[in-house]
Structure formats: C-alpha cells, structure tokens
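Feature list (source: Swiss-Prot):
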BINDING   ARG42  L-glutamate binding site
BINDING   ALA76, THR77, TRP102, THR152, ASP172, GLN195, ASN237, THR238  pyridoxal 5'-phosphate binding site
MOD_RES   LYS196  N6-(pyridoxal phosphate)lysine
Amino acid sequence: MTRAFNFSAGPATLPESVLRQAQAEMLDWHGSGASIVEMSHRGAEFMSVAAEAEADLRRLLDIPDDYAVLFLSGGATTQQALIPLNFAAPGQRADYVVSGHWGKTAVKQAGVYVDVNIAASSEANGYRELPARADWQLSRDAAYVHITANETIHGVEFRDVPDTGNVPLIADFSSSIASEPLDVRRYGVIYAGAQKNLGPVGVAVMIIRRDLLERSGQPRADIFDYRSHVARDSMLNTPPTWNWYLAGLVFKWMLAEGGVTEFAKRNAAKAALVYGAIDGSGGFYRNEVAYAARSRMNIPFFLPDAELDARFVAEAKAAGLLALKGHKVVGGIRASLYNAMPLAGAEALVAFMADFQQRHG
C-alpha cells in the first residue's frame with residue numbers, strides 16, 4: 001500500500017510508524033490480552049500510559065513543574081468557553097486579540113461569560129497580517145490577554161511572544177504546538193486541540209500555570225472547573241483513552257526524531273519550498289498574507305479563478321495529494337504542513353504545482 005500525502009488542516013496526517021504501532025497493539029496491548037481501548041482508565045495499564053504521556057510532553061516542551069498538564073475530552077473550542085469561566089471573575093474584563101477566524105470564535109465563546117475587550121483585530125484587512133503590537137488597546141484591569149498563536153484558515157502566525165506585562169497571556173496553540181521550541185514560562189495558559197500536531201481528534205491538551213488555578217473565576221460545575229481536573233489527574237470523568245494513548249505515541253515519536261528543535265528545521269524547510277513555489281509562479285499562485293505573518297503550518301493560496309481552484313484540488317487528489325481545498329470561509333487552496341508531513345510531501349506538492357501551472361497557466 002502506498003500512503004497518499006494528506007494536507008488536511010485537521011484531523012491531520014499522523015506518523016506512519018505511530019499508526020503501525022497502534023495497529024500492532026490494537027488487539028493485544030503489551031501482552032495483556034486486551035486492547036487499550038477496552039481497558040479501564042483507572043487500571044494500572046492505562047495509568048502507566050497516561051503518566052508516560054504527560055512525562056514525555058513535559059520533556060518535549062520543557063514544561064516547568066509549576067505548570068499543570070491536562071488531557072481533556074473535546075477540542076480547543078470547548079476550552080475557549082471554559083477559559084473565561086475559570087480565569088475571569090464575574091464582571092471582570094478579558095482582552096482578546098483577533099488575528100483570524102478562530103480568534104473571532106474565541107471572542108464569541110468568551111462573550112457569553114465575561115466582558116470582552118477586543119484589544120486589536122486585523123479583520124478590516126481580511127486577516128492578512130497580525131495586529132501591530134503598538135495598536136493594541138489593552139485594559140488596565142484585564143483578567144488575561146488571549147491570542148491565537150496560529151490561524152489555520154487565514155494562515156497567519158505569531159512568530160514572537162507578545163509582552164503583556166503582569167497580565168497572563170493565554171494562547172490557543174492548536175495548530176502550531178510542538179512545531180518549534182516554545183518558552184512556556186511566557187504564557188499563563190497554553191491550550192491545544194491534539195488533531196494537528198499532537199495526535200487524533202477528541203482530546204485537548206492544557207498547560208496551566210498553577211497559581212492561576214487559585215482564581216475563583218465564575219460559578220461552575222466541577223466538570224467545567226480546571227482545578228477539579230488537576231486534582232484528579234485529568235480523570236474526573238472517563239477520558240478519551242484511545243486518543244490519549246495515540247497522543248502519547250506521537251510524543252515518543254517526536255522525541256525519537258530529535259524533538260521540537262529538529263521539527264522547527266523540518267517545518268521551516270517545508271514551508272520555504274511551498275512559499276517559494278507560490279512566490280516564483282509569476283502571480284499564477286497567490287498568497288495574500290504579509291510576509292512577516294506567514295504561517296509555517298497552514299499555507300493558503302489562490303489560483304487565477306475558482307474554476308482553476310477546483311481543478312487543482314481534483315487533479316491533486318488524483319495524484320495522491322489529499323485535502324488541499326481551502327476552508328469554506330476563504331476558499332482557494334490550503335496546504336497544511338504539520339510535523340507528521342514529511343519533506344517528500346512538500347516536494348511532491350511543489351512538483352505538482354509546477355506541472356499544473358505549465359498545463360493551465
């Protein structure tokens with residue numbers, strides 16, 4: 001069997017070696033006579049899987065001990081709703097910087113519970129660049145400042161950590177976590193849906209500075225309270241064990257491959273290839289994002305018209321290049337180059353782009 005190159009924005013491609021290991025262990029995990037899917041989350045077998053996954057993630061991202069790590073059901077959108085509940089008191093304001101679709105979604109979720117101040121937004125220019133830090137209008141008494149580190153739809157990425165002073169910085173890292181070294185201490189909270197760089201859909205990773213857990217936040221049930229999840233080691237309720245297990249395999253794979261420093265090099269090389277093909281096409285392919293804000297993970301681009309966009313997607317699929325259709329919000333084409341996408345995938349895409357332009361340009 002020849003695997004295609006899957007450029008999906010998420011659920012995204014996973015390392016083949018991880019999939020094969022999961023396949024081999026599916027019916028009999030480590031000689032136990034049962035699948036990990038069937039095991040109790042409170043049994044010794046899965047407890048060891050959970051502990052190893054957390055230890056490996058801490059090693060991978062160099063997470064200090066004064067930060068708690070959670071593996072929770074659901075994805076980043078769920079956390080967008082829970083963050084204001086946990087970290088902003090009733091009547092307290094929270095600052096949001098909107099650099100794309102998912103930042104705007106975070107504002108909508110938070111607005112149900114807190115007074116949201118949109119400190120800055122690049123919506124007026126179509127999210128083609130990041131809001132300039134000098135233009136941010138931060139509140140004096142904000143509970144926190146929220147950013148989306150990488151916008152998958154519009155293809156913009158924060159390459160530097162914004163300085164928010166004594167106000168905790170909370171960041172949605174769903175689509176760029178573990179893609180390069182990360183200074184965790186610059187953030188109060190980091191959260192990420194796993195389905196792009198960390199594993200399959202269905203589990204979210206939270207990295208929370210422990211002192212922030214002392215905030216009273218809003219009245220909420222235990223299941224919505226991060227303190228309760230920390231106290232129970234992410235097992236307040238039955239967790240998504242299969243997803244957690246697979247994420248753990250991905251962590252081990254990343255560590256064995258050289259860790260985030262190595263993936264930063266690989267991701268830069270892949271992105272340079274694709275952007276080079278776009279910029280060198282004489283306008284046949286267009287990326288409209290300001291150069292300094294270009295995402296390494298998600299590269300949107302457009303052909304001269306929608307008919308060519310559709311033809312590109314169809315012919316690419318026939319050539320073994322999958323999921324290149326752009327998000328419905330913006331259209332066009334989108335190539336997602338997460339950690340598990342090999343350099344050969346970017347090379348195959350660039351070769352196809354050149355061939356397609358020669359035939360249709």
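Cβ atoms are placed via backbone N, Cα and C, with glycine included.
Owing to the predicted nature of the structure, the values given are computational and were not obtained by experimental measurement.
In this structure, the recorded positions under consideration are ARG42, LYS196, and the one with the smallest number of other Cβ atoms within 10 Å of its Cβ is ARG42. Put simply, LYS196 (N6-(pyridoxal phosphate)lysine) is 11 Å from ALA76 (pyridoxal 5'-phosphate binding site) when counted between their Cα atoms. For THR152 (pyridoxal 5'-phosphate binding site), applying a Cβ distance below 8 Å and a minimum sequence separation of six or more within one chain yields ALA9, GLY10, GLY100, TRP102, SER174, SER175, LYS196, SER295, MET297, ASN298, HIS327, ARG334, SER336. Distance from the CA of ASP172 (pyridoxal 5'-phosphate binding site) to the CA of ARG42 (L-glutamate binding site) is 29 Å.
Counting other Cβ atoms within 10 Å of each Cβ, the binding-site residues THR77, GLN195, ASN237 show the lowest value at ASN237. Under DSSP, the residue listed as 'N6-(pyridoxal phosphate)lysine' is assigned to coil, being neither helix nor strand in the three-state scheme.
Cβ environment of THR238 (pyridoxal 5'-phosphate binding site): HIS41 lie under 8 Å away, each six or more residues apart in the same chain. DSSP classifies ASP172 (pyridoxal 5'-phosphate binding site) as strand under the three-state reduction.
Between the farthest pair of Cα atoms in the pyridoxal 5'-phosphate binding residues (ALA76, THR77, TRP102, THR152, ASP172, GLN195, ASN237, THR238), the distance is 30 Å.
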